[in-house]
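Quick look at what TrEMBL lists:
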DOMAIN    161-284  domain 'Type II secretion system protein GspF'
TRANSMEM  6-30  transmembrane segment
TRANSMEM  97-116  transmembrane segment
TRANSMEM  122-144  transmembrane segment
TRANSMEM  269-289  transmembrane segment
TRANSMEM  301-321  transmembrane segment
Amino acid sequence: MNLAGNAFLVMAVLVFVAVLLFLESMYLLWNSYHGPEAKKIKHRLQVLSGNHDKTVQTRLLRQRMLSELPTVERLLGRFPRMHSLDRFILQSGLETTVSKLLLSCVASFVLAWFLIRSQFQFSSVMALLLSLVACALPLMYVAWMRSKRLEKIQRQLPDALDLMTRGLRAGHAFSSALKMTAEEMPEPIAGEFRTVHDEVNYGVSLQQALTHLSDRVPMTDLRYFVVAVLIQRESGGNLTEILGNLSRLIRERLKLYARIRVLSSEGRLSAWVLGLMPFALAALLNAFNPDFMSPMWKDPIGIFITQVMLTMMVFGVLVLIKIVKIRV
């Protein structure tokens with residue numbers, strides 16, 4: 001494609017992004033005054049001011065929305081997996097909705113498709129596969145953020161249990177120990193315990209609030225904490241001793257996991273090198289001698305070799321991830 005064609009493609013993408021941002025800003029402006037959140041705030045103010053029927057029960061627990069648009073909200077609600085995806089986003093700690101994530105996936109797919117079809121002479125099947133990889137990039141980012149957040153919560157959990165144990169030994173009730181943990185611990189674990197404390201204050205039973213906690217943070221160690229608290233409330237026992245033993249157990253497991261990661265660091269580094277070396281080498285060869293690499297995506301035989309290579313690379317990376325992943 002000549003220079004004029006490239007300039008037209010770039011201009012078309014910029015115009016599309018500009019129009020999309022303009023429409024988004026206009027919608028946000030309208031939604032701030034007439035959207036569902038504004039109506040909820042107005043309704044809540046009427047309740048607090050006394051200009052509302054007292055028999056109407058107000059909903060104190062905040063429900064997550066799949067989309068800010070009511071029509072899209074109802075449409076996404078018909079799909080059974082959308083709420084699981086929303087829980088996945090919630091666990092990542094990102095301030096986004098399911099509709100925005102799906103829109104990002106679609107935009108990535110369309111942009112990758114047009115770029116691949118205009119710049120490279122790949123077949124439709126290969127262009128489709130690469131576009132699907134680009135479509136999965138937003139989901140991969142959410143999964144990466146979720147993994148980092150859960151790892152941070154796991155490292156903070158022993159300190160949170162120790163703080164809760166000290167509060168119980170000082171004579172505080174369990175709800176007060178929860179509040180103390182939510183106020184003094186850093187994020188993100190403070191926010192999770194703050195949510196539990198707020199739900200209990202809003203009238204939710206402790207069992208349901210702790211069950212919601214285990215749903216939001218799918219960690220084995222946290223489930224041990226939830227089960228220990230619920231069993232202690234049903235059958236009795238020394239909760240302080242239970243939480244102290246659980247904290248020591250989690251710390252020992254984290255020490256073992258850190259030791260295993262150190263011993264397996266060479267294998268993980270080898271996996272990164274083997275996975276990135278072909279792409280880095282291809283980029284260097286293309287930078288120093290473009291004519292040498294151009295047949296790989298211009299000649300039919302080179303395109304076929306590239307497609308086979310990329311397919312084998314995907315399977316190889318998946319195998320390497322499986323090998324270096326260690327669970328303790």
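Cβ coordinates come from backbone N, Cα and C, glycine included.
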Proximity verdict for the transmembrane segment (269-289) and the transmembrane segment (301-321), three or more C-beta pairs under 8 Å: yes
Local confidence of the prediction over the domain 'Type II secretion system protein GspF' (161-284), expressed as mean pLDDT: 86
Tally of residues which DSSP labels helix, strand or coil - the domain 'Type II secretion system protein GspF' (161-284): 105 helix, 0 strand, 19 coil
